[in-house]
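**Q** The structure is given below, and queries will be raised subsequently.
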């Protein structure tokens with residue numbers, strides 16, 4: 001069960017090939033099909049009670065049976081697929097008169113393969129099953145229940161085929177001259193084939209138990225070896241014989257389709273045969289559905305065990321959509337942290353890998369409902385392939401290992417969101433017209449306190465995002481408003497308000513959110529504070545600025561340390577350069593009116609350096625790349641000449 005995730009094959013054909021290849025060269029020549037050995041006339045069951053005829057397998061007698069590897073037995077995830085069987089199975093070439101009707105040849109093949117199949121069912125039920133059951137009762141070396149689980153409902157399948165299906169086929173073929181049809185017989189008995197779904201659903205579990213108890217119990221292995229070495233078993237293992245019921249329904253579908261193709265256009269059996277084919281197909285689909293449901297619940301149970309039985313996820317309504325590792329972008333730490341996600345159709349489990357993996361591999365940190373969830377890509381140069389998952393309980397900034405993995409995760413999230421919205425009938429028409437942005441902003445205000453916000457990272461600001469006072473480690477520490485996610489100081493966040501997404505518990509909020517959530521008027525001291533010329537919020541995103549990026553600030557003008565500043569030419573003030581300490585700061589520490597400045601190349605030796613010069617003023621900058629330096633020089637030359645954009649996207653040079 002891998003993120004993102006391996007696709008499961010649609011047919012058991014590959015497993016049959018494994019079984020074929022595991023046989024000895026003496027047991028079956030290369031290329032010979034498993035059914036060719038089983039479907040010989042001498043393999044037919046007796047018509048009356050008495051000692052069973054032994055199967056003549058030629059040189060296979062006495063050869064040592066080969067077992068199928070446990071890895072293959074424990075990894076069967078294949079579905080029954082008639083299409084795959086049509087490609088892998090070809091009709092048996094029958095000997096007989098060349099003048100025999102082609103449709104009768106198919107019916108003859110159906111009868112012969114059914115006789116061989118009943119012989120194998122007899123071996124499974126009356127020999128393997130009964131011998132193991134008798135040994136379990138007498139020796140107590142292994143539980144009877146284990147034997148019953150391994151063989152599932154094989155007794156019912158054997159009785160149906162030996163007492164009903166095979167005799168009906170035999171009678172109809174004997175009476176073929178007077179009544180040349182087979183569709184009505186299959187049509188009458190096809191509904192009983194749905195009993196195969198229980199056997200197929202149990203097959204993987206049976207294979208696991210068989211492999212386990214073969215290793216665990218010497219007496220269990222002794223009984224198997226004795227029967228497998230007999231002529232009746234044909235030197236084939238129990239695992240090989242157990243696979244035949246899984247194969248049988250696709251074989252019926254293949255033969256019946258060929259029978260319909262051979263029928264004359266106006267044959268009286270045309271309608272009945274077609275209806276019988278539809279019923280056979282329905283039985284195959286019933287088995288497929290049983291396998292799918294079994295695998296889905298098995299996946300849930302495996303996740304349940306990996307979580308240490310901490311979370312109740314084994315629910316018939318839950319479906320695991322995707323799982324895998326991601327990196328969590330922290331709002332305090334610089335290095336992303338390893339996390340693991342389990343995405344279901346109705347919830348996301350955000351987990352932390354356990355250091356000591358005794359029992360459970362992961363600990364559930366947060367459970368987020370898919371209902372009301374939003375997902376979008378984060379355009380973050382520092383953390384590429386990152387995306388935001390915003391839910392009612394929590395908002396996460398996550399980083400994938402590649403662009404393809406990020407897209408795959410976002411598609412999985414969006415598919416789950418779309419599905420649950422459709423089910424809840426909550427689709428609404430998207431906002432149209434120029435009011436779209438205003439409506440979105442109003443929607444965000446209305447959701448304040450209803451869903452967990454996206455927290456601004458600590459390093460993205462150097463001052464309180466409400467009062468613009470600089471932070472320091474002793475007297476003014478950073479706090480996060482639990483309603484809007486802003487980084488604020490203690491004085492601006494000295495308020496408590498009940499937040500619905502946190503079960504109406506009181507949480508620390510900033511003064512603006514406190515006023516919105518409670519309706520209380522802000523203190524006059526806060527309202528009367530005048531806005532300074534530098535108190536212009538940083539245009540951290542490209543759509544808010546003509547140019548923005550980090551630049552190294554060089555020279556005594558900036559101090560000896562030469563700090564790195566977030567430089568912005570805003571769209572709404574295109575002739576001024578603002579320099580911030582961090583991208584999310586609400587106040588710049590320097591602003592430079594660019595009109596009349598001269599942009600020159602910096603000192604020789606570093607092509608990434610450029611300067612702004614006017615009279616006695618000189619500012620020196622260093623870009624991270626030459627390409628970025630070229631864009632900054634072009635943007636500053638435009639501003640210095642008095643140029644300003646005439647429409648919103650004109651002259652956009654930002655990252």
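Using the three backbone atoms N, Cα and C, a Cβ is placed for every residue, glycine included.
Quick paste from Swiss-Prot:
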BINDING   464, 467, 489, 492  Zn(2+) 1 binding site
BINDING   481, 484, 510, 513  Zn(2+) 2 binding site
COMPBIAS  32-56  compositional bias 'Basic and acidic residues'
DOMAIN    102-290  domain 'DH'
DOMAIN    319-418  domain 'PH 1'
DOMAIN    544-641  domain 'PH 2'
MOD_RES   11  phosphoserine
MOD_RES   48  phosphoserine
MOD_RES   654  phosphoserine
REGION    18-64  region 'Disordered'
ZN_FING   458-518  zinc finger
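Looking at the shown structure, what environment does each listed feature sit in?
**A** Within the same chain, the residues at least 6 positions away from residue 492 (Zn(2+) 1 binding site) whose Cβ sits under 8 Å from its Cβ are 464, 466, 467, 510, 511, listed in sequence order.
Around residue 484 (Zn(2+) 2 binding site), taking its Cβ as the centre, 22 other Cβ atoms fall within 10 Å, counting all chains.
Within the model, the domain 'PH 1' (319-418) shows a mean pLDDT value of 88, rounded to a whole number.
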**Q** Given the binding-site residues 464, 467, 510, 513, which one has the fewest other C-beta atoms within 10 angstroms of its C-beta?
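**A** Looking at the binding-site residues 464, 467, 510, 513, the Cβ with the fewest others within 10 Å is that of 467.
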**Q** Within 8 Å of the Cβ centre of 464, 467, 489, 492, which other residues of the chain have their Cβ, at the recorded Zn(2+) 1 site?
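**A** My list of surrounding residues reads 463, 465, 466, 468, 469, 476, 488, 490, 491, 493, 510.
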**Q** Helix, strand or coil: which one is residue 513 (Zn(2+) 2 binding site) in, per DSSP?
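**A** Helix, per DSSP.
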**Q** If you count the other Cβ atoms within 10 Å of each Cβ, which of the binding-site residues 481, 489 comes out on top?
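**A** Its Cβ has the most other Cβ atoms within 10 Å: 481.
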**Q** Give the three-state DSSP assignment (helix, strand or coil) for residue 467 (Zn(2+) 1 binding site).
**A** coil
**Q** Cα distance, residue 489 (Zn(2+) 1 binding site) to residue 481 (Zn(2+) 2 binding site), nearest Å?
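**A** The separation of the Cα atoms works out to 10 Å.
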**Q** Note the Cβ centroid of 481, 484, 510, 513, the recorded Zn(2+) 2 site, then list each other residue of that chain whose Cβ lies within 8 Å of it, in sequence.
**A** 453, 466, 482, 483, 485, 486, 488, 493, 509, 511, 512, 514
